[in-house]
Structures are given as C-alpha cells and as structure tokens.
Amino acid sequence: MVEQIMIQGTASDAGKSILVAGLCRLFKNKGKRVVPFKSQNMSLNSFITATGDEMGRAQVFQAEAAGVFPDVRMNPVLLKPTNDRQSQVVFMGSILDNMDAVTYHDFKQTLISKIQAVYQSLADENDIIVLEGAGSPAEINLNDRDIVNMGMAKMVDAPVVLVADIDKGGVFASIYGTIMLLNEEESARIKGVIINKFRGDVALLQPGIDMIEELTKVPVIGVIPYANLKLEEEDSVSLSGKNYVPNSSALLDIAIICLPRISNFTDFHVLEIQPDISLRYIRNLAEFGNPDLVIIPGSKNTLEDMAFLEKSGLKKAIQHYAEKAGKVIGICGGYQMLGKKMLDPNQVESEQIEISGLGLLDTETIFLNQKRTTQITGVTLSGEPVEGYEIHMGQTKRGESTSPFCEIKAVNGNQETHQDGAVSTNKNIIGTYIHGIFDNDIFLGNLFNELLTLKNKTVYPHEIIQLKEHKEQEYDKLAALLEENIQMDQLEKIMKGEKICVSTQKPVIKE
C-alpha cells in the first residue's frame, strides 16, 4: 500500500514546493519509487510533457528530484490567470475553459472523482506520494469546496505536515492562527510542523517551539536552516525579491522586463547560475539602465502587458535601446510584442481587439482559440542544436525583412519540419516561441561570446554550467539538508499512521 505525506503551508512562498522536492529526492535516494502530487496549481509557469500535455513547473522539478519523467497526473488541474478576474482552466494537460472565481468555485466539485482516480493510478504504481497544498489551508472562505489543501487530504486520507517560513517574521502566530482557524477534523490531520528558513542559534528558538507545541498539541519535527540553494522558484511572490540593480563587476548585464503577467520566468534560471553574469528584473523606466541584453519574457496576457510597456515608458526605452544597436530577445509573448501589431479578434487573451507592438520585427500575430503545446528539437540558422517547448495561442507571420530563428526538426518526438521565430536584418532582434532556449549550452555560450564581442571584450572565460547537472547537485544538497534537520524517524511514523508524542520532540538544527 502506498505511503503518503502532504505538505501544507501557513502562506504562499513558505517553502512547500522546495520541501516536497527535497523529500522526493530523499526518498528516491533510499530506493523508493516516489512521485509528487498537487491536485490544483495556480501558476503562469508551466511545462509541456513529452506527450504534449501542459502542467505546472513546480511538479516538473519535483519529478526531476524524484528521478522520474514529468507526468500530467502529478498536477491534474492547472489554473493560469489571464487577468485579475479570470483564469484559464487546464485539466490533465488540456484547456477546459476560461472561468471567473465564482464559476470555478462551483465547477471544481465536478473534478473530485476525476482527481481521486488520477491519484489512485499514481498510488498503484509507486511506494510513496508526497502531496503539496496551495497557499494556506486556513482560507476559510474557500474551505467548503476545497480540493487542494484539507479537501485533498481528506479525499485520500493523507496526514499533513505544516511548513512555516520564519524568515518573514511572525512564524508562531502563523502556525497557531492556521491551526486554530481549521475545524476539529482538519486540525487533527496536522501531525507535525516544520519551521523553514531559520537563521541563527536554534537555542533561542526552543522556548517558542515549546510554547507552540503546548498550545497546539502538534510537534515541531524540524527546523530547516536558511540555505542559498539555487533551485527554480515557481511562485511569482519570489519575483518581488529579485535584483534590479546591475552588478558592476560582472562581465554582462542582462535585463529581463518584469511584465505584470509574466509567465515561465523559469526560462531564466539557467542565466542566474552562470558566473560573471548580472541578471536583473526591471519593472519601470528608472531601472532600465544600459544593459548588454534585454529579454522580454512570456506573458499570459500579451496585449495587456504590451499596454503596460506603453504606459510605463518602457516601450520607448526598448525602441531607443534597439536603435542604438542593443540586443533584444523576445520569448513567446515577448516575441509577439517585438512585432508590428497583435490581433485578438476572438478576445482570447484580452478585451482589446488590436494593439501595436514594439515594431522591432516585421511580424504580425493573431490569437487563435487553439493552444499549441509541444516539445521540440531543432537547429538555429547559426547551426546550434536546441530543444525546448512551446505554449502559445498566437500565430505569428513573418515579413520579408526577417529571417527565421530556428528550423524545427521534431515535435513531441515525431519528425516534423517547420520554421520558428524571427531575426532582424542586423541580427540584434530575435524572437522565438521556444521556452527553455537558454538551457541549450552551445546556444548560450555563443550568445555570451557575441555580447562580449559587441563590448570589445574577449570570449566568455567560463564553461557554461549545464542546467541538468546543476539541478542534480542541488537536489542532493537539498535532500541532505532535510535529512539532517528533520526528525525523519518521526516523519516516517507519521506516514505510517503512527502517533508521535509532542513531549519528545526537540529539533536540533545542524550547521
């Protein structure tokens, strides 16, 4: 029979996704068949599986940590906000519809039996499932129809461990408040607490641990120290802490436009881990500076984000930068914005029908009702092998003054040839639909060398850090960190349904 543990949090960005990934790697290293599971994920960071199904990025990196291929069953429901009122609802990798919150709140009850069936299919194939909740289980206005926190735990009778982030302050209030807001049945499911992102001497924390255990009757089974692990961050909350000031000692300054509806910012994780590269996210004109490369990322609402560029003054700044031979790369929605105009006659993304783009590429985009979700392999026109994935509802037509960026050779593992993207005559403006383009080390190394040449500097002096190898190392570090700082014997008892005693829990943080 499958063993299971559910990680819920006191708030968003408490560390649930990372903790699930670490536990998946830890159990994998013990020889267990383990998979992650999140019934419903709200995110603009998504991935396309080998079968062309769309799922949340968090469950992808958790699957990588578990040593298994991403499977859409690990994230059956994906909600992709299109604006402040609506989300695109994706079930088992395919779009169902756009729904507002009230409509979806009623609709999701129809998904319960389907989610249970999906979960059972994973349970039949694995030894352990590590479940992840969303936000906080104490969203009491939504709990009557919850399918992702205590509602999910109840569906499969999973024990829960609550994780709380001490780095933001108020950790004991958040633990106590969360547990006290739950009804008796729900709070009884919480079998342990983990305090995350701790800095300092745990001896100073111990009196608080003793008090919270006495108040809640729930043991604290771990205190995880703050660790500077370089892992993907899925939650958009994490973007608020991203740097916008260039590092003057770095060889290259790369600026990413932080769009209000930015999607798939995980595309840029590989840039963050490269030595001598300053990567920053800019939100307004004052932060623009004089970068060596500007990247316009993907967007879940391209027309509204284009309007943001206009209103903020960033449109003119990017155009002026390009006129002075600056290098600009647009990914997916960013590619669409580089063109002359975008048309949305069916109002797929926005209430706007048409909007002018940056005009840096001779292209036009029309939005269609059908979404393209594919994994691809190909070769750039410069001869670099690339692979990645596409997620878009726009169809872009190139004009005569542009060249294609890439020749696609295979789609979802099947031979298929077509052209992707567009490149300006002077080669300084590049647009592509390929997410994960920077994960290709040959392409990335050549890009760095090109940018350094434009600055009259020598070639990039470092070997490109390959993302896959880097991730494997970080997953192992994460697993070791958890094993050292969580009372694993107590966690395993919880997973087996055994009762653990509050009075015996004395977590000791390891340096």
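The backbone N, Cα and C atoms fix where each Cβ goes, and this holds for glycine too.
For Cys332, the entry in Swiss-Prot reads active site, nucleophile. Around the Cβ of Cys332 (active site, nucleophile), the same chain contributes Ser263, Asn264, Pro297, Gly298, Ser299, Glu390, Ile391, His392, Thr432, Tyr433, His435, each under 8 angstroms and 6 or more positions distant in sequence.
Residues or ranges marked as active site by Swiss-Prot on the basis of sequence analysis: His435. Secondary structure from DSSP puts His435 (active site) in a beta strand.
What Swiss-Prot lists as domain 'GATase cobBQ-type' is 251-443, and the listing cites sequence analysis.
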All-chain count of other Cβ atoms within 10 Å of His435 (active site): 27
